[in-house]
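Participant: Just passing along the structure, written as structure tokens.
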Amino acid sequence: MIDKSPQTAQFSLVDSTIYDLFSSDLYDGVWFTEKSNIYDFVISKSFKNLLGYESDQKLTWDSIIYPDDRKRFSDHLNGLCGNKKVSIADDLRIIHKSGTLLWLQCHIYFSPHSQSTHQFVFIAFKNVSKKRAAELDIIHQQKKAHEILSDSSIGTWECDIITGETYSSESLAQTIGYTTDELKQLTLETWRDLMHPDDLLASQEIFEEHINSRSSCFSNQYRIKHKNGHWVWVTSIGKVTTFSKDNQPKRLEGILYEITDRKRHEFQLSKYKELLEGVNKVAKIGVWEIDLNTNQVDWSDEIKTMFGVPTTYQPSVEDAISFFKPGESRQKIQNAIENAIENGQNYDIEVQVLTSDDSYMWTRAIGVTEHKDGKCIRLYGFFQNIHKKAIASKNLAIKEELFRKTFSYAPVGMAIIDLQGNISRANKVLCECLGYSEKELLQNNFNKFTHPEDSDISNVFIDELVQKTRETFKIDKRYIHKNGSTIWTHVSVSSVKNDLNKITHFVVQVQDITERKKNEILLTDYQNLLERSNYMAKIGSWEINVDDYTVKWSKSLRKIINTRDNLVPTFLESIDFFVGNSPQREVLQNALNKALKEGVNFDLEVLVKADGRKRKWIRMVGISEFEDGKCTRLYGLIQDINDIKKAQLAITVKEEQWRTTFNHAKAGMAIINFNGTADNVNRSLCEIFGYSMNEMLEIGIKDISLSEDLDRNIELMDNLINGASDNFTDDLRFLHRDGRVIWANVSVSAVKNDFNKFTHMVAQVVDITETKTNQILLKKYKDSLERSNTLAKIGSWEIDPETKLLFWNSNLGRLLGTTDYTPISFTDAIKQYILPENQEHLLNLVNNAIKKGVNFDLEIQLNTNSGIRWMRMLGVSDFEDGSCNMLHGLIQDIDDFKMAQLEIVLREEEFRQTFWHAPIGMALLDLNGKIIKVNPVICETFGYTEQEMIDIEKSAISHPEDLDLTSELIEEVLHGERESFQQEKRYFHKDGKLIWANLSISAVKNDQGETTHLVLQVSNTTDKKLLTESLKEHNNRLQNYAHIVSHNLRSHTGNLSMLLELIELNDHQGCNNELFGHIKSASDNMNETVQHLSEIVEINNLIKDTLVPQNLKKRVYKSIENIQSTLDQINAELTIKINDYDMVYAVPSYLDSILLNLLTNAIKYRSPYRLLKIEINTGKRNGHTYLSISDNGLGIDLDKNGLKIFGMYKTFHEHKDARGIGLFISKNQMEAMGGRIDVESQPNIGSTFTLYFNDEKN
């Protein structure tokens, strides 16, 4: 970039004029350069600002011009040669500072001047980005439209009505298999010849209607013959575009496109309905409808099967509601129906129904309303069997409750951390152990709190957890408390895995063993038997040597099973050879074992593997010789009964097939003699005609035939009886017992015996009344079903076995997040929507369904537009005559249900890890207090084995003086009076020694709030108890020492004060001595110190005996009375927010002292620059009642003085009355009363002192 500006450039008059023009508002920026150094440009400030740069920022031309445009720009500059005037205009892309592209119109201007030695080139720029974007969009739209029209299958046509001439586009010609030249030969009349005869009249009527009504256009669907001879369905839309002078139609124009596939789909609606119902049956989904005009209720067969009622059952609204479980479920469904009818509110609820076997089943009930003229006229929807899902959800709630109780009420610290060590959850005990709040812990990594010297000791174990070479580890480790102290802990870490065996997080349990560690520092501390059998009889012999279990086979036996002569099998090898791993292996092995051990002979028929491949039936007889309770010899025979057995099985199968078909067929069946009456009928036939079985055996064809059909029915039967025909099949009408007409598809065949003589007839009758009457309602039914499936998140699909194309409906498209319903290759769909690890499995299932007719039902993850979601996929093969016509199926979104299942697995794993690897004793109790499960630590604590702990009575290990209280507390938990309790308790070890322990018991409840069992946790505190007793003894000694010091100092300082007072009375002159003044001051200070020491000594004396309930509001107002005059004098503002009934346990004098000290401190250390404001609040926090006193005074620098703010004789501001003893005494008084005092403060902003008291709850 050259270092010059327009002001310093040596412009000629012309150059200056051009520069001024290019710099005007007509342009958005300008460059200029000397032709002799053409690539060193000066760029104007306005251009830099246009690109988002500062005015003084240096730019290079090649860095801001888009790479694809640089050469063209360079060619323009290089073309400036000679002394010709040049003006070039071009559009360039320029790179904005943000990276976006701007379209700029570039004007390059060069005008040579012979008079000047400096020749300048000017380039002006105009921002045309918006205009260019619009132009490019238009070009894109035009290109897109051209592509659509080029690839479109829509054809255009024109027709002169007067001359009959026609014109067709190439797309139209291709639709019906002709060329445009061939169609030119067609006239209007010959064109009509191509139309299907059945469609001509309707087409003519539509056209005439258009002419007569002068409508905007007409639309017609009809069939037209393809050149190859088949019929093609098309839609033709057209209009009259030109009229003659006498207002008669002259010219027609329009479009035509093929709809053959759509028509084929419409014809398949009936089949789709049946297939959808079949799929819904597999998915346990049933459809229902209530016509509110007639109060008629319709249930699908699947609902009737679900509820256990006959398919003929027709419920009323009241009957339908009675199936719901009385109480919550019935009220819930009634409220939902009433709300749907009155307010048009659809519903989707889960309720229990009572089935025919008196069991309750969870169902999902969905209802959709249909309104007309503001009134609900129809209610429809579906029921889905969700019993397994509901039970799984309830199990999840129980597992979650179990883990939550264990986690929350554990007497040890617990945390859940991720694989990087970040804390995601922490319980109260861990917060207390480390001294941090839960919020502070959740913001940190667990390793942050580790003692520096212990930071690496657990790394190896963590790596082993991650590598899955171990599931848990325990270790003693040090951590740093928030107050800076070191705490020793016993840490137990367990890994938690999901159902894919991947570690998701760790459960950490932390037990504070600081006291135990301190004690450890101070103290230190698992053949030839029956070969006479005839080979022609296919009998062979065998024998087992009972000494070495070798087996001997005869030659004839080897012939039967086709094995080599030198094979000498062992006992187990012989069993493997005969039955392998088939179900009959256990039968044969049990028979042989009983023969060897009990002397029981056997005679079996088994299916064996002859020659290792072919299977054949044999009879095996075994005889055991038993002496003195011991088998001495086991031998027997084998007979080839394969041909007999196969014949027997074939007969049995045929007989069973016929019996099952006859008795259980949905179609009515009858065996009819040649007198025209029935010898036998099945139940379905009786249900079709409404008669009992005995009645059906008494009536003939004449009794049930419609009068106008009787002759036809008799003729058909006579033809069979007379041998004129072997069978007939026809749709016939009959009279039901109740008088109504039913339609039936009847098929009757004559049966012949071995002598080719007719013996009887077999009739099959299928009730097709509903099919006949409901064909009109088919489409409406399908639409309703589709809407129900939409609410249930169910989509349907099908695969054409020949083309392998996958088709899906809009519901499935919504589940997958796509609106493109174009059929795609099934393999492409698998790659697009199925995770790689599941693709091969799903492909195998689909191939089995297509090749073998094997249906499938699986849960699988799909890659949808909204992420990976769990789906249930069902496939139903339309398999006939050994081939699949079509593979249909459903996909249901079960992500919520599946995640709940996975959550159960995680919660179970978390509790298992917590239970078995906890550093404290844990057990599960039943509602009678009986132990049902224990962990290793509780066994170690009491010295018993796991089984001994389960069998032992609690009175055997509990101290008798503690039993009653524990039993009372457990009863309160069981009766819901409390969720849990903790108790310090004494136990006896197996060896008889006394154990002190902290007992914690909490209730685990199900989703209905019922207690199912109890969780017991025991922490051994014997060492801590002994240490506490020792500390109490040391504390008593210190108090006695303080009493002695206080008493002795008080007597001496009292004597000294009295002597100084006598001197003042008797020797006024000596009192003026400077030394006397110092002695007097020292004496006064000594008296004050002794007084403070006395107060401190007395703070803890008999404190528990003097704690009484105190009303905070009364005590605060009493303290304010003492300083009211001072507050008025300094014009202080006082705000009090105290509840009238806040009661705490305190020593009245201590409470008054603390309140007065804090209030007077607020006055003493108020800011000189603003009026004093004091605010007093009370409330509940962390199980305690608190009182806070806030001011806007000088404040305290806690970073500097935080550790010594409650120290003795510590002052932080200059004041004549400052002694540094008040906060020290207040802190000791609060702690003596079992409470604590906290402070928050900032210099020049103010301070808040918060007092925490025990109340009636603790």
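Here the Cβ of each residue, glycine as well, is placed from N, Cα and C on the backbone.
Straight from TrEMBL, here's the annotation block:
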- 166-214: domain 'PAS' (DOMAIN)
- 218-271: domain 'PAC' (DOMAIN)
- 399-469: domain 'PAS' (DOMAIN)
- 473-525: domain 'PAC' (DOMAIN)
- 654-724: domain 'PAS' (DOMAIN)
- 728-780: domain 'PAC' (DOMAIN)
- 799-853: domain 'PAS' (DOMAIN)
- 907-977: domain 'PAS' (DOMAIN)
- 981-1033: domain 'PAC' (DOMAIN)
- 1044-1257: domain 'Histidine kinase' (DOMAIN)
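Quick one: where do these features end up spatially?
Facilitator: Here the domain 'PAC' (218-271) returns a mean pLDDT of 85 for the predicted model.
Residue counts of the domain 'PAC' (473-525) by helix, strand and coil are 10 helix, 30 strand, 13 coil (DSSP-based).
Residue counts for the domain 'PAS' (799-853) under DSSP (helix as H, G, I; strand as E, B; rest coil) come to 32 helix, 8 strand, 15 coil.
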Participant: Within the domain 'PAS' (907-977), how many residues are helix, strand or coil going by DSSP?
Facilitator: 43 helix, 10 strand, 18 coil
Participant: If you count Cβ pairs under 8 Å, which stretch among 166-214, 218-271, 654-724, 907-977, 981-1033 touches the domain 'PAC' (473-525) the most?
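Facilitator: Ranked by Cβ pairs under 8 Å, first place goes to 907-977.
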Participant: What are the helix, strand and coil residue counts for the domain 'PAS' (166-214) according to DSSP?
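Facilitator: Its residues divide into 34 helix, 5 strand, 10 coil.
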